[in-house]
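Feature annotations, reproduced from TrEMBL:
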type	residues	note
BINDING	His46, Ser63, Tyr134, Val135, Asn136, Ser151, His221, Pro222, Glu223, Thr249	iminosuccinate binding site
BINDING	Cys108, Cys195, Cys294	[4Fe-4S] cluster binding site
Amino acid sequence: MANITSSLLSACHRTDNHWTGVEPNAEWVDEINRLKQERNAVILAHNYQLPEIQDIADYVGDSLALSRKAAETDADVIVFCGVHFMAESAKILSPDKTVLIPDEEAGCSLADSITAEQLREWKAEHPDALVVSYVNTTAEVKALTDVCCTSSNAVDVVKSLPEDKEILFNPDMFLGAHVKRETDRDNIQVWAGECHVHAGITPRQLEEQATANPEADLYIHPECGCANSAIYLAGEGAIEPERVHMYSTGQMLDAAREGGNNKVLIATETGMLHQLNQAAPEADFQAINPQAECKYMKMITPAALLRCLAEGADEVTVPEDISKAARDSLEAMISIGNPGSGE
Ligand code: SF4
């Protein structure tokens, strides 16, 4: 058996930016399952992962649902198939477990849009403000945060804070605009960060697709570049308001399982279609922008997962002081009552 691993491993190699050389065939499936048992590992995969990675995972979900699975598991090793800040969150919530990510270079343009140094400077300019950070942030940024939030609980989190307190909301400007609109507060400062994938789903594409498919519902992630225009178009009567649903990825799946839609236009990363099609095979899900792919999510390839399980790489670590402060801001969110589901 070990010979199978070494022959598959010898085919693994790194191109410019990802591990490649292994096909997701039956031999690969057997080897992944055998190595997983050998390490007493659990494989968690985000909704935006490649279909073959989603299919071999023990659990598929949004970033926080997966972190909660990580905290509950009896496995010694958590293999987190997602991007780096997500694996960090799993480590923060399960500090005693070994957390591996199949490719530590899998970053996130949104998390990278604010550094701990930038947040420190912003806080210094607003010394009395409270900091609310979306979970798509590094551990260092979470450690400087009062309360974290997800796309599904951001409005509840902000509503739970004293009305007279200024709020620094980061890093996503589209989610920040959504929160400002829903809470009707004018003392929220929003950081001008964005995810290149979500920002690439444009208001024009949304309007064209919604007009061409008048019978379709729209599931829109609040981080999307088109989110504000969906609300605007619904307000103007250009799209019937009841067709527009602002959902986190977890809420999209819940809505799909409840059924009732023949056609649904999706505004988020295209990996989501694999889960939606499994949740409601009879429905017709179409991406508003079929090119909306996260290159970082797709760095978790079959070769990367094999190498990860065979070699125990790449291990995710978070220094204890940062981990504790970051855990406090995540737990402050959970204590508000709606544990939420993020990207
Ligand atoms: S889709 Fe955007 S927010 Fe999500 S991991 Fe990729 S870069 Fe980050």
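In case you wondered, yes, glycine gets a Cβ from its N, Cα and C as well.
Just so it is clear, the model here is predicted, and its values are computed rather than measured.
Over all protein chains present, the Cβ of Asn136 (iminosuccinate binding site) has 30 other Cβ atoms lying within 10 Å.
Between the CA atoms of Glu223 (iminosuccinate binding site) and Cys195 ([4Fe-4S] cluster binding site) there is a gap of 8 Å, rounded to the nearest whole number.
Binding of iminosuccinate is attributed in the record to His46, Ser63, Tyr134, Val135, Asn136, Ser151, His221, Pro222, Glu223, Thr249, and the widest Cα separation among these residues amounts to 18 Å.
Only Cys108, Cys195 of the binding-site residues listed as His46, Cys108, Cys195, His221 bring a Cβ under 6 Å of any atom of ligand 1; the order follows the sequence. When Cβ atoms from all protein chains are considered, those within 10 Å of Cys108 ([4Fe-4S] cluster binding site) total 23, not counting its own.
Residue with the densest Cβ environment among the binding-site residues His46, His221: His46, by other Cβ atoms within 10 Å. Tyr134 (iminosuccinate binding site) is 18 Å away from Cys294 ([4Fe-4S] cluster binding site) when you measure Cα to Cα. Annotated pair Asn136 (iminosuccinate binding site) and Cys108 ([4Fe-4S] cluster binding site), C-alpha to C-alpha distance, rounded: 8 Å. If you draw a 10 Å sphere around the CB of Cys294 ([4Fe-4S] cluster binding site), it holds 24 other CB atoms from the protein chains shown.
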